[in-house]
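**Student:** Here it is: the structure, laid out below.
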(Lines of atoms letter the chains of each structure in order from A and count residues from 1; the text may use other names and numbers.)
(Lines give C-alpha, C1' and ligand atoms only; values in the text may rest on other atoms or scores of the structure.)
Protein backbone atom coordinates (compact mmCIF):
# COMPACT_ATOMS: atom_id res chain seq x y z
CA UNK A 1 0.00 0.00 0.00
CA UNK A 2 2.78 2.43 0.94
CA UNK A 3 4.70 1.60 -2.21
CA UNK A 4 1.59 2.32 -4.29
CA UNK A 5 1.22 5.72 -2.59
CA UNK A 6 4.87 6.51 -3.27
CA UNK A 7 4.54 5.44 -6.89
CA UNK A 8 1.45 7.62 -7.39
CA UNK A 9 3.25 10.60 -5.82
CA UNK A 10 6.22 10.14 -8.15
CA UNK A 11 3.94 9.90 -11.20
CA UNK A 12 2.12 13.05 -10.08
CA UNK A 13 5.38 15.00 -9.68
CA UNK A 14 6.65 13.85 -13.07
CA UNK A 15 3.39 14.97 -14.66
CA UNK A 16 3.78 18.40 -13.03
CA UNK A 17 7.20 18.78 -14.62
CA UNK A 18 5.76 17.67 -17.98
CA UNK A 19 2.93 20.19 -17.74
CA UNK A 20 5.47 22.93 -17.03
CA UNK A 21 7.23 21.93 -20.25
CA UNK A 22 4.07 22.21 -22.35
CA UNK A 23 2.95 25.69 -21.37
CA UNK A 24 5.49 28.49 -21.30
CA UNK A 25 4.34 32.00 -20.50
CA UNK A 26 6.24 35.16 -19.71
CA UNK A 27 5.35 38.28 -17.84
CA UNK A 28 5.04 41.30 -20.13
CA UNK A 29 5.26 44.77 -18.60
CA UNK A 30 7.41 47.90 -18.34
CA UNK A 31 8.15 50.35 -15.52
CA UNK A 32 10.21 53.53 -15.35
CA UNK A 33 11.23 54.90 -11.98
CA UNK A 34 8.29 54.58 -9.61
CA UNK A 35 5.75 54.45 -12.45
CA UNK A 36 4.29 51.07 -13.33
CA UNK A 37 4.01 47.70 -11.63
CA UNK A 38 6.91 45.99 -13.38
CA UNK A 39 9.67 47.16 -11.03
CA UNK A 40 11.49 45.03 -8.48
CA UNK A 41 10.48 43.56 -6.19
CA UNK A 42 7.97 41.97 -8.55
CA UNK A 43 5.24 40.63 -6.29
CA UNK A 44 2.69 39.26 -8.74
CA UNK A 45 1.81 35.68 -9.57
CA UNK A 46 -0.16 34.18 -12.46
CA UNK A 47 -3.56 35.02 -10.97
CA UNK A 48 -2.66 38.51 -9.68
CA UNK A 49 -1.69 39.84 -13.11
CA UNK A 50 -5.24 39.51 -14.41
CA UNK A 51 -6.26 42.36 -12.08
CA UNK A 52 -3.17 44.55 -12.63
CA UNK A 53 -3.24 47.04 -15.53
CA UNK A 54 -0.10 47.03 -17.65
CA UNK A 55 1.04 43.57 -16.51
CA UNK A 56 0.16 40.41 -18.45
CA UNK A 57 1.12 36.74 -18.54
CA UNK A 58 1.45 36.02 -22.27
CA UNK A 59 2.10 32.72 -24.12
CA UNK A 60 5.66 32.49 -25.40
CA UNK A 61 6.39 30.28 -28.42
CA UNK A 62 10.15 30.20 -27.85
CA UNK A 63 9.81 29.37 -24.15
CA UNK A 64 12.42 32.03 -23.33
CA UNK A 65 11.56 34.98 -21.11
CA UNK A 66 13.64 38.08 -20.57
CA UNK A 67 14.06 40.87 -18.08
CA UNK A 68 15.84 44.08 -19.08
CA UNK A 69 17.13 46.65 -16.59
CA UNK A 70 18.03 49.92 -18.28
CA UNK A 71 19.58 53.08 -16.84
CA UNK A 72 21.51 54.18 -13.80
CA UNK A 73 25.05 53.12 -14.69
CA UNK A 74 25.26 50.72 -11.77
CA UNK A 75 21.52 50.08 -12.02
CA UNK A 76 20.81 51.75 -8.69
CA UNK A 77 17.28 51.20 -7.41
CA UNK A 78 16.79 54.88 -6.51
CA UNK A 79 17.62 56.10 -10.03
CA UNK A 80 14.70 58.00 -11.59
CA UNK A 81 15.61 56.78 -15.08
CA UNK A 82 15.75 53.12 -14.06
CA UNK A 83 13.49 51.13 -16.40
CA UNK A 84 12.54 47.48 -16.05
CA UNK A 85 10.94 45.50 -18.84
CA UNK A 86 9.78 41.88 -18.75
CA UNK A 87 8.99 40.10 -22.03
CA UNK A 88 9.00 36.99 -24.18
CA UNK A 89 12.12 36.85 -26.35
CA UNK A 90 12.21 35.26 -29.80
CA UNK A 91 15.16 33.06 -28.90
CA UNK A 92 17.42 32.50 -25.94
CA UNK A 93 21.21 32.26 -25.70
CA UNK A 94 22.95 29.96 -28.17
CA UNK A 95 24.02 27.57 -25.39
CA UNK A 96 20.46 27.36 -23.96
CA UNK A 97 21.62 28.40 -20.48
CA UNK A 98 19.75 30.78 -18.17
CA UNK A 99 21.91 33.82 -17.50
CA UNK A 100 22.16 37.53 -16.75
CA UNK A 101 24.74 39.85 -18.31
CA UNK A 102 25.44 43.37 -19.51
CA UNK A 103 24.55 43.69 -23.18
CA UNK A 104 23.35 46.09 -25.88
CA UNK A 105 19.57 46.11 -26.46
CA UNK A 106 17.85 48.64 -28.75
CA UNK A 107 21.17 50.52 -29.04
CA UNK A 108 21.42 50.99 -25.26
CA UNK A 109 23.62 49.34 -22.66
CA UNK A 110 21.38 47.26 -20.39
CA UNK A 111 21.51 44.40 -17.90
CA UNK A 112 19.50 41.52 -19.38
CA UNK A 113 18.43 38.18 -17.96
CA UNK A 114 17.22 35.16 -19.94
CA UNK A 115 15.32 32.27 -18.42
CA UNK A 116 13.37 29.31 -19.70
CA UNK A 117 10.29 28.29 -17.74
CA UNK A 118 6.70 29.26 -17.09
CA UNK A 119 6.61 32.88 -15.81
CA UNK A 120 10.28 32.67 -14.84
CA UNK A 121 10.96 36.36 -15.53
CA UNK A 122 9.01 37.44 -12.47
CA UNK A 123 11.33 35.84 -9.96
CA UNK A 124 14.59 37.21 -8.62
CA UNK A 125 16.05 33.72 -8.75
CA UNK A 126 15.18 31.47 -11.65
CA UNK A 127 13.12 28.27 -11.65
CA UNK A 128 12.40 26.64 -8.31
CA UNK A 129 10.89 23.44 -9.75
CA UNK A 130 13.90 21.19 -8.94
CA UNK A 131 13.94 22.38 -5.32
CA UNK A 132 10.18 21.84 -4.97
CA UNK A 133 10.45 18.31 -6.32
CA UNK A 134 13.29 17.54 -3.89
CA UNK A 135 11.40 19.02 -0.92
CA UNK A 136 8.33 16.97 -1.81
CA UNK A 137 10.21 13.75 -2.50
CA UNK A 138 12.37 13.63 0.65
CA UNK A 139 9.51 13.04 3.14
CA UNK A 140 7.91 10.50 0.78
CA UNK A 141 11.19 8.66 0.39
CA UNK A 142 11.81 8.76 4.15
CA UNK A 143 8.34 7.38 4.86
CA UNK A 144 8.84 4.60 2.34
CA UNK A 145 12.25 3.68 3.79
CA UNK A 146 10.86 3.59 7.34
CA UNK A 147 8.05 1.32 6.18
CA UNK A 148 10.55 -1.00 4.48
CA UNK A 149 12.74 -1.17 7.60
CA UNK A 150 9.74 -2.11 9.80
CA UNK A 151 8.80 -5.05 7.56
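Using the three backbone atoms N, Cα and C, a Cβ is placed for every residue, glycine included.
Annotations per Swiss-Prot:
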TOPO_DOM  20-125  topological domain 'Extracellular'
DISULFID  26-65  disulfide bond
DISULFID  29-38  disulfide bond
DISULFID  60-88  disulfide bond
DISULFID  100-113  disulfide bond
DISULFID  115-120  disulfide bond
LIPID     121  GPI-anchor amidated asparagine
TRANSMEM  126-146  transmembrane segment
TOPO_DOM  147-151  topological domain 'Cytoplasmic'
**Student:** What are the helix, strand and coil residue counts for the topological domain 'Extracellular' (20-125) according to DSSP?
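**Tutor:** Grouping H, G, I as helix and E, B as strand yields 9 helix, 43 strand, 54 coil.
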**Student:** By a simple count, how many Cβ atoms lie within 10 Å of the Cβ of residue 120 (disulfide bond), its own Cβ left out?
**Tutor:** 27
**Student:** List the Cα distance (Å, whole number) between residue 100 (disulfide bond) and residue 26 (disulfide bond).
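**Tutor:** Roughly 16 Å, rounded to the nearest whole number.
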**Student:** Just to be sure I understand, if DSSP states are collapsed into helix, strand and coil, how many residues of the topological domain 'Cytoplasmic' (147-151) fall in each?
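**Tutor:** Secondary-structure composition of the topological domain 'Cytoplasmic' (147-151): 4 helix, 0 strand, 1 coil.
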**Student:** For the C-alpha pair, I'd like the distance in angstrom between residue 113 (disulfide bond) and the residue listed as 'GPI-anchor amidated asparagine', rounded off.
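**Tutor:** With the alpha carbons as reference points, the distance is 8 Å.
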**Student:** Non-local Cβ contacts of residue 121 (GPI-anchor amidated asparagine) (under 8 Å, 6 or more apart, same chain)?
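**Tutor:** Expected: 26, 27, 65, 66, 67, 86, 87, 113, 115.
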**Student:** Quick one: pull the CA-CA distance for residue 38 (disulfide bond) versus residue 60 (disulfide bond), whole Å only.
**Tutor:** 18
**Student:** Give the distance between the Cα atoms of residue 88 (disulfide bond) and residue 29 (disulfide bond), rounded to the nearest whole Å.
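**Tutor:** That separation, Cα to Cα, works out to 10 Å.
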**Student:** In whole Å, how far does the CA atom of residue 29 (disulfide bond) lie from that of residue 60 (disulfide bond)?
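**Tutor:** Per the Cα atoms, residue 29 (disulfide bond) and residue 60 (disulfide bond) stand 14 Å apart.
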